[in-house]
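Engineer: Mind looking over this structure? Questions follow.
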Amino acid sequence: MTDALTITRDLIRCPSVTPADAGALGVLEALLKQAGFTTHRVTFSEPGTADIDNLYARIGTEGPHITFAGHTDVVPPGDEASWSLPAFSGEVKDGYIYGRGAVDMKGGIACSVAAALDYLRDHGSQPKGSISFLITGDEEDVSINGTIKLLQWAADRGETFDHCVLGEPSNQEVMGDCIKIGRRGSQSGTLIVEGKQGHVAYPHRASNPVPDISRLIVALSDEPLDNGSAQFQPSNLEFTTVDVGNTATNVIAGIARAKFNIRYNDCHTQESLRALVEQRLAKACGNRIRAHIDWLPSNSDVFLTKPGPFTDLAVAAIEEVTGRKPELSTTGGTSDARFISSYCPVIEFGLVGQTMHQIDERASVADIATLTKIYRGILDRYFA
């Protein structure tokens, strides 16, 4: 079996903090080229953002076509002096491989590559269809020059995908406890309340926006947006900052702002959600409070891969290796699956995510072996 642990180590040793690649894609490209994949390195640009390198590799020309997706970029390591082992060492200690990206998600990518190479080795270097890899270096930051553009680039070339496995760390506690089959949408905005600046000693000459924005925050937060759906938990609106831009104690501010984020389910579209919140705001304002919402652009719409043959196949592979039947979940934050879902059904399954983004991020060596076996089981069933 191809050593997924070695690939994980080699990837961790590339300090690929977004937007730097630091050689990570080269590690993967060399392995895939040697196995017969046709590879493409594609760089995308956008004014005001860093250029990002991406990798697309495919073997086979027919269907069915399964693609493994992922990202080699990582978040900064934080205070490196606080790490038990160097953050980009990829050292193994007490059954764990340490390093930024071990869990999120260089370990998952390494396992998918190792599984694909083993499958090809056992089947005459050709799948009964096609296997590809969609790997970006722009997931942990703005996600502008990464998967979303790589998918469009592939589509413009005539590439089509039947199914996708995204190797994000989906498991909560142990390997095999969770597959992500969808994600809630994400919409952010700023609530702005207009008052009138003045001296605190003469409140009748001013209009204080602070009490008003407080009332509106309560009004928008208290009433549920929905009761959830068959596959999703209830949507939630959370205010995250309140600011008046005023450092003086004797001045009534003229304007107040409160930022918020909504994680919403399939009871809403982006448009209907905005309309609902605007309607509630207008009701709470009445004829007295002057307020409006500045909505931020969002590319994080809700999606769901409905349970069916593909999810059944993945569940069977997981259950065979781990003895556990995974939960089909839609919890958690956003991922690049939101982009992939526009092109094909996508599931997320990877390592246990308990230490991702933390000091001493680490993956169990045993879990890496387990995930490789599961991915191999998915390929065996997919091309059966």
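Glycine is no exception: its Cβ is also placed from the backbone N, Cα and C atoms.
For D73, the entry in Swiss-Prot reads active site, with the evidence type sequence analysis. The active site, proton acceptor annotation in Swiss-Prot covers E139. If you look up Swiss-Prot, you'll see H71, D104, E168 marked as Zn(2+) 1 binding site, on the strength of sequence analysis. For D104, E140, H357, the entry in Swiss-Prot reads Zn(2+) 2 binding site.
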Engineer: Please identify which of D73, E139 has the densest Cβ environment, defined as other Cβ atoms within 10 Å, among these active-site residues.
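Structural biologist: When each Cβ's neighbours within 10 Å are tallied, D73 tops the list.
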Engineer: Give me the non-local Cβ neighbours of E140 (Zn(2+) 2 binding site): same chain, 6+ apart in sequence, Cβ-Cβ under 8 Å, ordered along the sequence.
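Structural biologist: Spatial neighbours, sequence-distant, of E140 (Zn(2+) 2 binding site): T18, H71, D73, V74, V75.
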Engineer: Considering the binding-site residues H71, H357, which residue's Cβ sits among the greatest number of other Cβ atoms within 10 Å?
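Structural biologist: When each Cβ's neighbours within 10 Å are tallied, H71 leads.
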Engineer: May I ask you to report the DSSP-based helix, strand or coil state of H71 (Zn(2+) 1 binding site)?
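Structural biologist: DSSP assigns H71 (Zn(2+) 1 binding site) to strand.
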Engineer: Per DSSP, E168 (Zn(2+) 1 binding site) is which: helix, strand or coil?
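Structural biologist: Assignment for E168 (Zn(2+) 1 binding site) reads coil.
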Engineer: Once D104, E140, H357 are set aside, which residues in the chain still have Cβ within 8 Å of the Cβ centroid of the Zn(2+) 2 site?
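Structural biologist: Apart from D104, E140, H357, the close residues are V74, V75, G101, M105, M356.
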Engineer: Can you tell me how far the Cα of E168 (Zn(2+) 1 binding site) sits from the Cα of H357 (Zn(2+) 2 binding site), in Å?
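Structural biologist: Spelling it out, the Cα of E168 (Zn(2+) 1 binding site) and the Cα of H357 (Zn(2+) 2 binding site) are 13 Å apart.
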Engineer: By a simple count, how many Cβ atoms lie within 10 Å of the Cβ of E168 (Zn(2+) 1 binding site), its own Cβ left out?
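Structural biologist: By my count, 25.
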Engineer: Under 8 Å Cβ-Cβ from D104 (Zn(2+) 1 binding site), six or more apart in the same chain: what's there?
Structural biologist: V74, V75, E168, P169, G353, M356, H357, E361
